[in-house]
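Asks: Questions regarding the structure given below will be posed in turn.
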Amino acid sequence: MSALRIWLMQALLIFLTTESIGQLVEPCGYIYPEFPVVQRGSNFTATCVLKEKCLQVYSVNATYIVWKTNHVAVPKEQVTVINRTASSVTFTDVVFQNVQLTCNILSFGQIEQNVYGITILSGYPPDIPTNLSCIVNEGKNMLCQLDPGRETYLETNYTLKSEWATEKFPDCRTKHGTSSCMMGYTPIYFVNIEVWVEAENALGNVSSEPINFDPVDKVKPSPPHNLSVTNSEELSSILKLAWVNSGLDSILRLKSDIQYRTKDASTWIQVPLEDTVSPRTSFTVQDLKPFTEYVFRIRSIKENGKGYWSDWSEEASGTTYEDRPSKAPSFWYKVNANHPQEYRSARLIWKTLPLSEANGKILDYEVVLTQSKSVSQTYTVNGTELIVNLTNNRYVASLAARNVVGKSPATVLTIPGSHFKASHPVVDLKAFPKDNLLWVEWTPPSKPVNKYILEWCVLSENSPCIPDWQQEDGTVNRTHLRGSLLESKCYLITVTPVFPGGPGSPESMKAYLKQAAPSKGPTVRTKKVGKNEAVLEWDHLPVDVQNGFIRNYSISYRTSVGKEMVVRVDSSHTEYTLSSLSSDTLYMVHMAAYTEEGGKDGPEFTFTTLKFAQGEIEAIVVPVCLAFLLTTLLGVLFCFNKRDLIKKHIWPNVPDPSKSHIAQWSPHTPPRHNFNSKDQMYSDANFTDVSVVEIEANNKKPCPDDLKSLDLFKKEKISTEGHSSGIGGSSCMSSSRPSISSSEENESAQSTASTVQYSTVVHSGYRHQVPSVQVFSRSESTQPLLDSEERPEDLQLVDSVDSGDEILPRQQYFKQSCSQPGASPDVSHFGRSSQVPSGSEEDFVRLKQQQVSDHISEPYGSEQRRLFQEGSVADALGTGTDGQIERFESVGMETAMDEDISKSYLPQTVRQGGYMPQ
């Protein structure tokens, strides 16, 4: 269905197009008015009327009409359907111009087709022309001008009409936008003419008021020509002018207007009109400056003033004649004090006179120096300075400029003596820019002033200050610097009052003609960095890069991730302390300097705050050290006060054998061997061996010979308890038995024990082995004997033992190896070794229990008994079943004593790696 509809629409469109092409001459309708021109601000209504033929062909009526302006549909509120063939549209307060209004229909209710279109024009009717005037240029047609009034936005025609009383002249037509019209004829002088203007457009037409005039009163003469200027040698202040007037001068009387100016000036000077009111062709201008070039121009008008001034003539110039200078040059001096004391080098300087004051070409200058009442010295100088050597006295210098006519008035300058002290400076000196000039203002001193000398120079660190100067009259207290001044440069301005007796004290200040932002910013650095603060410092910017007065500095600092902080610092400061910073933190900082015209940033600088504040580590370390020192001191004092107790536990008193009374216990018992302990001790360079008992872990069974001696050890222990002592308790490791060396010399050198073994008093004969040589040496120890050795009960025990019948058997303490197969061949044996039957394991257990009980019951000498018991147990141990050998090393040296030998403690002497006495 939709495809069929599309096909029908296309066929209908082709049909309508064919019909419309064939009937272009006859549209389906029309709009009236067809050429509307609407006055702006009014209402306008257009009506579209459809023809009956179109109604039938396109099956439409007036309700199918669509209005458009410039292809934009008009709102339905403005459309009115009059009947089935007509529809109207209304526009209120029309302001548009050149709008295309079209009437369209929707054929078959869908296809839009244009029926008719018109263009709507809007505008205003013409205003009455005003200010109508006419001018008659000499030798040309009359030109009239008018004011057409407001813009009409429509095509408007202006017609200029003129007539005599009996004759009309051709019209002059012009269109809107042109305010003048040239008449096509030359008017006749002395005959009045009437002129008016008519204006017309689609909305109406108007006429101006007519004007009536004589063309001679509207004439504009041609400008004067051939203007010339000449000077006079007699008078240097006049110039003579001559010219030729226009051709009307023969018909009309003309007066002239003369103006002049100096060559470099921009404004003209008017010659009074009353001086040129009469017709003339020459004139003399007076009161001019000598030797000055002037420019002149002239124009003319009718003598009665009616009509128009002619155009200005071509300019002509002339120069007045020379005259003597009207003013003395500005005069100043500088004294160089580096010469010997009797002379001064004075530099006299002066300014060139301007042309307006020189009144001619300056040929030279005359300088006269007078010292007190002496003869004057005259110098003729072509330049503007003179260097002379003066004494330390006062001088008076005069200066005059000379040209071809004569000399200028002389200017006098007093050069005071070398001991002169200047005073009375100006006060309240100010300098400020205004109107692109640098002004200087001051308050005069109370003393009368002849003149002021103003000096200025550019301050720079790269070049010297070369001053320029100017002179001002003594009545002046405000002036501007005359010279070529630069912007963004610092000027040092000095004002010196000059009195009749000499110059006063100079007063200086700095100023800028125009300031700018600095060329570079300050460079900041750290002076001191703490934990939470940092002292920043910087240098003042060089004057060459300041470009103005530094008002303030800004310091911007931030961390790598923090917000930037900004502080402002006065321009007089060169350092600033940043506080409330974070410890051990990297900061980035830069500075900017500001003038009144802007600022400039300096380079960025980084620093890191300290982790600890200054003195914080010392505050921690010093108290700790003091506390440690105090603790140590208290400990030392405590140890000193408790030295006896400490000595008792660490270094117990060891009896000195040399002072022992043991020899007095049995004084009647002679020694078995008479020998000198010092002379005969180990005379054969043989040393007592000190052996250490080593029990191999694999030995299970004790040796039979060792088990045999267990019973003897038990019996002997009872009788010897209380008669054995070593060096200092358990640490001395002394045995309750005398030890007999039984190992070879190489074995004794291997012992590294530090315990010194003393002999033990045994009250019985030696039962096992008696060494061939019994050697005792006197102990070199200075340690006292043990307390147990000095007790009286010990002495009684010794006596009772000596008198007893039973003598305890002596036990030998030696290294023994059981005879087992495979024993190490390098193990040393004693020459005599007792063979005992193998004991049972029960005997060994009983022996250990006995040792434990003895150790608990004996507080004194327990270590010696333990060591002795370990030696006895070692003797009792035999060879295990697996054939391994148990090795015993002797830890002491046995001393063989006979039953009738006197009991005494004698230290054992060990050499070459053995035990040395303490």
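Placed from the backbone N, Cα and C atoms, the Cβ positions cover glycine too.
Since we're looking at a predicted model, the values are computed, not measured.
This is the feature table in Swiss-Prot:
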TOPO_DOM  23-618  topological domain 'Extracellular'
DOMAIN    26-120  domain 'Ig-like C2-type'
CARBOHYD  Asn43  N-linked glycosylation site
CARBOHYD  Asn61  N-linked glycosylation site
CARBOHYD  Asn83  N-linked glycosylation site
CARBOHYD  Asn131  N-linked glycosylation site
CARBOHYD  Asn157  N-linked glycosylation site
CARBOHYD  Asn205  N-linked glycosylation site
CARBOHYD  Asn226  N-linked glycosylation site
MOTIF     309-313  motif 'WSXWS motif'
DOMAIN    328-418  domain 'Fibronectin type-III 3'
CARBOHYD  Asn382  N-linked glycosylation site
CARBOHYD  Asn389  N-linked glycosylation site
CARBOHYD  Asn477  N-linked glycosylation site
DOMAIN    518-612  domain 'Fibronectin type-III 5'
CARBOHYD  Asn552  N-linked glycosylation site
TOPO_DOM  641-918  topological domain 'Cytoplasmic'
REGION    659-679  region 'Disordered'
MOD_RES   Ser660  phosphoserine
MOD_RES   Ser666  phosphoserine
REGION    720-754  region 'Disordered'
COMPBIAS  730-751  compositional bias 'Low complexity'
REGION    773-795  region 'Disordered'
MOD_RES   Ser781  phosphoserine
MOD_RES   Ser788  phosphoserine
REGION    817-842  region 'Disordered'
MOD_RES   Ser828  phosphoserine
MOD_RES   Ser838  phosphoserine
Asks: Just give me the nearest neighbour of Asn382 (N-linked glycosylation site) among the glycosylation sites Asn43, Asn157, Asn205, Asn552, Cα to Cα.
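Replies: Going through Asn43, Asn157, Asn205, Asn552 one by one, the closest to Asn382 (N-linked glycosylation site) is Asn552.
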Asks: Within 10 Å of the Cβ of Asn389 (N-linked glycosylation site), how many other Cβ atoms can be counted across all chains shown?
Replies: 12
Asks: Given a separation of at least six residues and a C-beta threshold under 8 Å, show me what packs close to Asn43 (N-linked glycosylation site) in the same chain.
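Replies: Correct list: Thr90, Phe91, Thr92, Asp93, Val94.
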Asks: Of Asn83, Asn131, Asn205, Asn389, which is closest to Asn226 (N-linked glycosylation site) if I measure between C-alpha atoms? They're all glycosylation sites.
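Replies: Minimum Cα distance from Asn226 (N-linked glycosylation site) across Asn83, Asn131, Asn205, Asn389 lands on Asn131.
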Asks: In Å, rounded, how far does the Cα of Asn61 (N-linked glycosylation site) sit from the Cα of Asn83 (N-linked glycosylation site)?
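Replies: So the Cα of Asn83 (N-linked glycosylation site) lies 9 Å away from that of Asn61 (N-linked glycosylation site).
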Asks: Can you count the other CB atoms that lie within 10 A of the CB of Asn61 (N-linked glycosylation site)?
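Replies: So the Cβ neighbour count for Asn61 (N-linked glycosylation site) comes to 17.
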Asks: Restricting attention to the motif 'WSXWS motif' (309-313), give the mean pLDDT.
Replies: 95
Asks: Hey, what's the Cβ neighbour count for Asn226 (N-linked glycosylation site) at 10 Å?
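Replies: There are 12 such Cβ atoms around Asn226 (N-linked glycosylation site).
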Asks: I'm trying to understand the geometry here, so how far is the Cα atom of Asn131 (N-linked glycosylation site) from the Cα atom of Asn83 (N-linked glycosylation site), in Å to the nearest whole number?
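Replies: Here the two Cα atoms are 54 Å apart.
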Asks: Using other CB atoms within 10 angstroms as the count, which residue among the glycosylation sites Asn131, Asn477, Asn552 scores least?
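Replies: Relative to the other glycosylation sites in Asn131, Asn477, Asn552, Asn131 has the fewest Cβ atoms within 10 Å.
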Asks: Count the residues of the domain 'Fibronectin type-III 3' (328-418) that DSSP assigns to helix (H, G, I), to strand (E, B) and to coil, and report the three numbers in that order.
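Replies: Computed counts for the domain 'Fibronectin type-III 3' (328-418) are 4 helix, 46 strand, 41 coil.
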Asks: Given Asn205 (N-linked glycosylation site) and Asn157 (N-linked glycosylation site), what distance in Å do their CA atoms have, once rounded to a whole number?
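Replies: Checking the Cα atoms of Asn205 (N-linked glycosylation site) and Asn157 (N-linked glycosylation site) gives a distance of 9 Å.
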Asks: Over all shown protein chains, what is the count of other CB atoms within 10 A of the CB belonging to Asn83 (N-linked glycosylation site)?
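Replies: Excluding its own Cβ, the number within 10 Å is 10.
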